[in-house]
Amino acid sequence: MKIMKFIFITGGVISSLGKGITAASLGRLLKARGFKVNMIKIDPYLQIDAGTMSPYEHGEVFVTEDGGESDLDLGHYERFIDENLTKNNNITTGKIYWSVLTKERKGEYLGKTVQVIPHITNEIKDWIKNLGEGYDITIVEIGGTVGDIESLPFLEAIRQFKKDVGKENVLYIHVSLLPYIRAAGELKTKPTQHSVKELRSIGIQPDILICRTEMPISDKIREKLALFCDVDKEAVIEARDARTIYEVPLNLEKEGLGKLVTKKLNLPDREPDLDEWRKFVDRVINPLNEVTIGIVGKYVELKDAYLSITEALIHAGAKNDTKVNINWIHSERLESEEFEELLDRYREDNQLDGILVPGGFGDRGVEGKINAIKYARENDIPFLGICMGMQCAVIEFARNVCGLEGANSTEFDENTKYPVVDLLPEQKEIDAKGGTMRLGAYPAILMEGTLAYKLYGRKEVYERHRHRYEVNPEYHEILENHGLTISGKSPDGRLAEFIEISKNRYFIATQAHPEFKSRPNKPHPLFDGLVRASLGEKIK
């Protein structure tokens with residue numbers, strides 16, 4: 001029987017330290033050594049999943065292949081280790097309690113008093129162990145900060161792990177902040193010392209300290225942290241601010257993290273194969289070209305709401321030796337009559353080589369998105385629409401090309417005369433919000449000779465989805481008769497999955513979320529095409 005190894009990553013001092021990037025980077029280093037790696041994100045909130053959470057609260061909702069609506073860190077994991085994860089790889093307090101209470105109602109606890117310890121903690125451990133089956137190493141990131149009340153059951157569960165599977169099979173890594181006090185000109189270790197003290201009071205002694213810092217860590221500071229936090233000096237790892245998140249694995253490898261982890265877990269330390277990763281990072285850091293894509297969205301105040309889109313643009317940019325700048329344009333700014341003047345100014349200032357309209361929900365800012373699409377279509381600016389972005393493209397085309405004045409989606413206007421976008425038939429009897437959309441990977445059949453077919457290079461494609469509305473099949477014919485090509489449909493021919501306008505040099509949209517499948521070594525074709533078209537290339 002294969003011995004499973006578990007690595008638990010906690011965070012201290014403040015949130016948003018980069019635990020997710022640290023975990024993903026370690027996953028990359030271990031996979032580069034030939035190990036089979038799985039990754040888990042624990043979120044100590046009471047929701048079952050992230051699906052009902054506002055982008056302003058939680059950033060984007062990352063959709064897995066099997067339809068899980070999960071934390072955005074799963075996106076980092078997938079991109080860094082180049083593996084598809086599942087909905088089960090995101091554990092929440094809600095999922096754990098739901099499972100325990102369901103078992104209690106079934107009488108599975110045989111009359112025992114159901115308590116946090118042992119029932120909740122056992123459920124957490126069982127979930128992690130089950131996900132670890134078949135893997136050499138499972139990396140588990142504990143969301144939140146040590147000291148948070150809501151994290152305590154998870155911390156207790158991972159404390160017990162070393163007794164359950166043997167301490168030689170468990171590694172604890174603590175990510176903490178070393179703040180730099182400019183007035184004093186020095187890094188301060190006290191917050192990290194107190195964070196480790198808090199962790200040790202729970203019964204967890206970290207094996208490795210990863211210190212987030214904007215300045216180099218001196219030997220003196222390493223020795224001090226090693227002494228007060230009871231770790232080896234070599235286990236104090238510097239994690240300085242990087243030029244790109246994709247440089248972090250290389251920086252941590254230079255610090256000796258990969259070698260240290262394999263040593264502490266009694267695993268063979270093989271030479272990591274990071275050549276392709278280094279080439280990718282070099283292209284990101286040293287581009288030869290530059291373009292600016294305008295992202296017209298509703299949630300642009302919080303860039304994490306579109307995280308996978310920005311990463312997909314980085315991947316496509318690197319493939320084309322191009323730095324992709326993003327011009328964040330709030331869609332509500334384009335709802336005035338002067339929207340064309342604003343977009344004209346962006347073009348004159350070289351701030352609008354291409355336009356991307358991402359997904360979203362609700363009618364706020366929708367007319368601004370429609371105006372941006374009209375501008376892209378009429379001025380032949382490379383355009384990519386995603387999910388709601390495709391629906392808005394259909395509305396714009398129906399109004400301004402087909403002559404269907406007032407055409408709309410029933411999401412925005414239930415009484416529209418021309419419902420060119422309508423609720424999916426299977427959604428019409430559903431009232432619950434959580435986990436009820438059309439979620440996960442679905443196939444589409446592409447029409448040969450179209451732009452979509454040229455970009456993908458094959459007839460059948462699978463993309464991830466997250467939507468309730470579709471292009472109304474009753475309007476397919478009139479749209480196509482006026483020059484809109486429905487270049488990809490569901491296998492039954494009912495649902496429009498891709499649309500394009502062939503007379504424009506690059507005008508394409510999809511009902512799916514292609515950004516979730518883009519990887520550093522495999523940029524998504526739609527984003528690659530957008531960057532190439534924005535550079536002036538004709539897509540052949």
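Any Cβ shown, glycine's included, is placed from N, Cα and C.
The region 'Amidoligase domain' annotation in Swiss-Prot covers 1-267 and is backed by sequence analysis.
According to Swiss-Prot, the feature UTP binding site maps to S15, K188, T189, K190, P191, T192, Q193, K224. Long-range C-beta contacts of T189 (UTP binding site), restricted to its own chain and to partners at least six residues apart, with a cutoff below 8 Å, comprise L178, I221, K224, L225, F228.
Annotation comment: Swiss-Prot describes S15, D148, I149, E150, K188, T189, K190, P191, T192, Q193, K224 as CTP binding site, evidence class sequence analysis. Remark: I149 (CTP binding site) has no non-local neighbours by Cβ distance under 8 Å and separation of at least 6 in sequence.
Long-range Cβ contacts of G20 (ATP binding site) within its own chain (separation 6+, distance under 8 Å): K41, L72, D73, H76, Y77, E141. In the three-state DSSP assignment, the secondary structure recorded for G20 (ATP binding site) is helix. Per Swiss-Prot, ATP binding site is recorded for S16, L17, G18, K19, G20, I21, D73, R240, D241, A242.
Around M390 (L-glutamine binding site), the same-chain residues six or more apart in sequence whose CB sits under 8 Å from its CB are V471, A496, F498, I499, A509, T510, Q511, listed in sequence order. Residues annotated as L-glutamine binding site in Swiss-Prot: Y56, G360, M388, G389, M390, Q391, E411, R468.
In the three-state DSSP scheme, D73 (ATP binding site) falls into the helix class. What Swiss-Prot lists as Mg(2+) binding site is D73, E141, and the listing cites sequence analysis.
Here Swiss-Prot flags C387 as active site, nucleophile, drawing on sequence analysis. All protein chains considered, the CB of C387 (active site, nucleophile) has 23 other CB atoms within 10 Å.
What Swiss-Prot records for H513 (among others) is active site, and it gives sequence analysis as the kind of evidence. DSSP assigns H513 (active site) to coil in the three-state reduction, outside any helix or strand.
Shown in sequence order, S308, I309, E311, A312, I386, H524, F527 are the residues of the chain, 6+ apart in sequence, with a C-beta less than 8 angstroms from the C-beta of E515 (active site). The feature active site is assigned by Swiss-Prot to E515 (among others), with sequence analysis given as support.
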Count of other CB atoms lying within 10 Å of the CB belonging to H513 (active site): 23
Fewest other C-beta atoms within 10 angstroms, as judged across G18, P191, G360, G389, which are the binding-site residues: P191
Largest tally of Cβ atoms lying within 10 Å of a Cβ, found at which of the binding-site residues Y56, K190, M388: M388
Those residues of the chain, 6+ apart, with a Cβ under 8 Å from that of Q193 (UTP binding site): L225, F228, C229
Cβ atoms near T192 (UTP binding site) (within 10 Å, other residues, all chains): 27
